[in-house]
Amino acid sequence: MKIVVSGGGTGGHIYPALAFIHEVKKQHPNVDVLYIGTKKGLESTIVPRENIPFHAIDISGLKRSLSFENVKTIVRFIKSVRACKKLLKQYKPDVVLGTGGYVCGPVVYAAAKLGIPTIIHEQNSIPGLTNTFLSRYANKVAICFEETKQYFPQEKVVLTGNPRASEVVGKDGREARRSLGLDEKKKTVLIVGGSRGARPINEAFLQVLHEVEQKPYQCLYVTGDVHYDKVMKAVNDVGNPSNVIIRPFIHNMPEVLAGVDVIVARAGATTLAEITALGIPSILIPSPYVTNNHQEKNARALEKKGAAIVRLESELTGVRLLDDIDRILLNEQTLTNMKEAAFQLGIRDAAERLYRVMVEMIS
């Protein structure tokens, strides 16, 4: 079996693609995989580290306003489609999967025009430009939120969930807690702003850091590499509570997630897939700097089911954040209800579901 996978720009498109590849390799150890991305995207470093053959194409995204850059982008798209057709004819894949980001546009489009079975995977509740365009040509559209159905041709849609969810299931959080110096008997809240951190979340938590010492729970506070030095200077000025562990970055996040009771985070699709798979209640602060405000839409889907509290960045304060944490962690019934609501939303076999969609298409 040969498959081509394409998706990139951000981890939200790359990690679901990698989780899918891991599942296919588990089912078919001898599968041939080719990953197509860009030289500038994160995929150019992440994918080769996984020992997956990588091919880069020259393509950029469309601007949402009228721009001469868009003319150049369309020209590059046409050239990339030609290059992809040539590559696909040589490689002869059985199926092509696109997981979003502008790079998968010419790849999936070229495959569809060549009659190769194609799937696109949409992680967010509101689709991006690339997947909206590709849904006209792809054979199947895999989604993660029921609400997303309305944006795609109904006969093509299948609810699979985010394959990344499957990679956090079954992890043991005890070793991660021990290695971080966390008390195994205390409830734990993880505060994290994504791989680069989030300044507004850092600022809010620092406002109430001195009050956390009195709390019966503990905090694992992940600042993000770029904010760490500034945060530690502020912490040293007020004193670091004994029940707050501060780290710049967490490399073993699946294991860490398995050991926490509540998470304070952005509302990226991968994060939500992971925390619902594990049934972790959340306080979500959607990033306002994303296309279509999709993080707030993602977060509201969890809030609607009672799995999350949503705080917009504009209304976030330290006092409000600490009150929200207390509201969940200091009330056993609230904690239990939110855990159950989150767990019910989780799709733990997402990678296998997407794999089955692929198998049904090519068999």
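Here the Cβ of each residue, glycine as well, is placed from N, Cα and C on the backbone.
What Swiss-Prot lists as UDP-N-acetyl-alpha-D-glucosamine binding site is THR10, GLY11, GLY12, ASN124, SER195, ILE250, GLN295, and the listing cites sequence analysis.
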Least surrounded among the binding-site residues, given as GLY11, GLY12, when other CB atoms within 10 Å are counted: GLY11
DSSP state at GLN295 (UDP-N-acetyl-alpha-D-glucosamine binding site), helix/strand/coil: helix
CB within-chain contacts under 8 A for GLN295 (UDP-N-acetyl-alpha-D-glucosamine binding site), separation at least 6: ARG266, ALA267, GLY268, PRO286, SER287, PRO288
Under 8 Å by Cβ from THR10 (UDP-N-acetyl-alpha-D-glucosamine binding site), same chain, sequence gap 6 or more: GLY41, LEU42, GLY101
Packing count at ASN124 (UDP-N-acetyl-alpha-D-glucosamine binding site) (other Cβ atoms within 10 Å of its Cβ): 25
Local Cβ density at ILE250 (UDP-N-acetyl-alpha-D-glucosamine binding site) - other Cβ atoms counted within 10 Å: 17
